[in-house]
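K.L.:
Can you keep this structure in mind? I'll have questions shortly.
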């Protein structure tokens, strides 16, 4: 049986012992930076005692059997099958290493009964140490699967330790998400209100109103927003960050050589600024040869291409310097290589360097598609996107560049593989840079609303993700995939989901009524707050002149024992 697939070679896992059960004891939600980045001499021992598919190689010697990927790409071993059930989520993890070679991809693949291959996750493995491979599957069927390792190395020998598979119900997965959200998106704050003599003020009311959230769920916009008052009203009442789908792109601002026109982009930016909406820059350049201005496509002289490209970078970045939260510098530069073919292998990295010099305070993104949304992706996989950013940062002069990862998120109309998404975000997050989902959408399908909610909650519950922008809007906007409202601006089901999440991820205004006890010298009231900026007012229901207000920023860096002390002048 030939097992060559997209240049990878499959090796079936031979299971000496296995068990699949439900529960939440295994933790795919663990985001230890060291585990996700380090190659260790000896993997940590698993704390799991039951409910696992488990297989390990001995760490004491090299005499144990290894999984060998035949030079001809043939499967050589029979596997014990695992029964999966539709509606559940299965997380996978294993410590892997190679007998020979370094920095080679090793992945996990699930093969269904009809031969379909579902890729579940990947990692770069080495021969001298063990690397953690994470992933999983959300089956759209009930039935058996065979589990494989895959490698880009013909004839590779793979060893694995602590191979674990865990089954979660959707309710269990959601519970883990919620627990993590409470941990990573909120901090506990204690208020202590005293007089100048340090005695507690009894019965005060502490009012809290969030003025700015640290995590933003935004939406793309296009030129039609300038033509529709209803669209503008709909947008401004919901979103605090946006990106323009086309209006800042080179082919939109310089349709003829030397004739720049930023009128539309400037007008859209003014609308955003007037309504307190932040803007993400999209995009300085695009590496897709088909997406260059028509006149650029006709230039054959590399020196001339370099001249017009440098002019473009300087023009757009200097024009909007200090006005944007980030820039996609060379869009989709793993899938495409127009500038590399015309100008050399270091074209992208050098353009990031120029962008950094022009605006050193703005986040500069590598922005790619299929990185988290398509398990079959071969070109812009999480480990390849990570490597691209590492190469950019390693370019001379880029050491202190504020890098970031943009995962576009153009999902297909099927159940998203949440376990794979989480493992992909783990890989990207191991860089320690912010991740944004930048263009989330999905074709219309019966379960679109639920699928979109699943995706957004998965991203929100990952600590490396700092914001999300969806590509959708009301019918008048022309977004034909993610339509959030009809022509009369009445919500669709997916629009209801977005409004629900916007409300849920914004801290509700609240009042804390302190206890009216008289036997305590110090009163502290504790509240769990979403990260962001707040206006705080302290008052007393029957002491008219006892009132004070101040601003407070709640951050993840806050000490969990953080006490906000408010001193009232008598």
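Cβ atoms are placed via backbone N, Cα and C, with glycine included.
Below are the features I grabbed from Swiss-Prot:
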SIGNAL    1-23  signal peptide
CARBOHYD  197  N-linked glycosylation site
DOMAIN    202-501  domain 'GH10'
CARBOHYD  261  N-linked glycosylation site
CARBOHYD  307  N-linked glycosylation site
ACT_SITE  332  active site, proton donor
CARBOHYD  346  N-linked glycosylation site
ACT_SITE  439  active site, nucleophile
CARBOHYD  490  N-linked glycosylation site
CARBOHYD  515  N-linked glycosylation site
CARBOHYD  537  N-linked glycosylation site
CARBOHYD  545  N-linked glycosylation site
K.L.:
Through the lens of DSSP with three states only, how would you label residue 439 (active site, nucleophile)?
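P.N.:
Reduced to three states, the DSSP call for residue 439 (active site, nucleophile) is strand.
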K.L.:
Could you measure between residue 537 (N-linked glycosylation site) and residue 346 (N-linked glycosylation site) for me? Cα positions, answer in whole angstrom.
P.N.:
54
K.L.:
Count the other Cβ atoms sitting within 10 Å of the Cβ of residue 197 (N-linked glycosylation site), across every protein chain shown.
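P.N.:
Other Cβ atoms within 10 Å of residue 197 (N-linked glycosylation site): 7.
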K.L.:
Rounded to the nearest Å, what's the C-alpha distance separating residue 261 (N-linked glycosylation site) and residue 307 (N-linked glycosylation site)? Just drop the number here, would you?
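P.N.:
Their Cα atoms are separated by 19 Å.
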K.L.:
Give the distance between the Cα atoms of the residue listed as 'active site, nucleophile' and residue 332 (active site, proton donor), rounded to the nearest whole Å.
P.N.:
13
K.L.:
Going by DSSP, is residue 545 (N-linked glycosylation site) sitting in a helix, a strand, or coil?
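P.N.:
DSSP assigns residue 545 (N-linked glycosylation site) to coil.
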K.L.:
With every protein chain in view, what's the tally of Cβ atoms within 10 Å of the Cβ of residue 545 (N-linked glycosylation site), excluding that atom itself?
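P.N.:
Taking every protein chain into account, the count is 9.
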K.L.:
Using C-alpha atoms only, work out the spacing between residue 197 (N-linked glycosylation site) and residue 545 (N-linked glycosylation site) and round it to an integer in Å.
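P.N.:
Their Cα atoms are separated by 18 Å.
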K.L.:
Roughly where does the domain 'GH10' (202-501) sit in mean pLDDT, to the nearest integer?
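P.N.:
Mean pLDDT, the domain 'GH10' (202-501): 98.
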